[in-house]
């Protein structure tokens, strides 16, 4: 008969392996900023599949690693794919960048736009984004994080980011 502690060790090892696999496959990102409103608001969380970087489509919401020249280096950006290598550049991006209207996206680059243009820094301002900086594709929008707030009387209450 196998001792009880061997069964517990196997269960613990299986749990550790499952956790390791999940962390390598998925990334949990908290939305910061208002560039993806109304669908994704500050405080929302999204689940990102790191393995879908090779199967990105126009319309997908992706997470990209900001470059070192960014205002927030190391903080991932969440944007919607507007065009991929070889696709025509959307007219609004051509207008902002002063490119010819029939421009195409170069190899290894993509056009990313925020859903809320008034609050987004995206391809309209920064041009193309390298596909090599792609961290993954958003596969699930999770519930907003709960935050503790204080009201005018100093009493604490639980509220969601949607109340901001």
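Cβ from N, Cα, C; glycine included.
Heads up, TrEMBL stuff is auto-annotated, nobody curated it.
The following features are taken from TrEMBL:
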type: ACT_SITE; residues: 35; note: active site
type: ACT_SITE; residues: 79; note: active site
type: DOMAIN; residues: 16-89; note: domain 'Peptidase S26'
type: DOMAIN; residues: 95-139; note: domain 'Peptidase S26'
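Mapped onto three states, the DSSP output places residue 79 (active site) in strand.
According to DSSP, the domain 'Peptidase S26' (95-139) comprises 13 helix, 14 strand, 18 coil. Each residue in the domain 'Peptidase S26' (95-139) has a pLDDT score, and their mean in this model is 93. Using a 10 Å Cβ-Cβ cutoff, residue 79 (active site) registers 23 neighbours.
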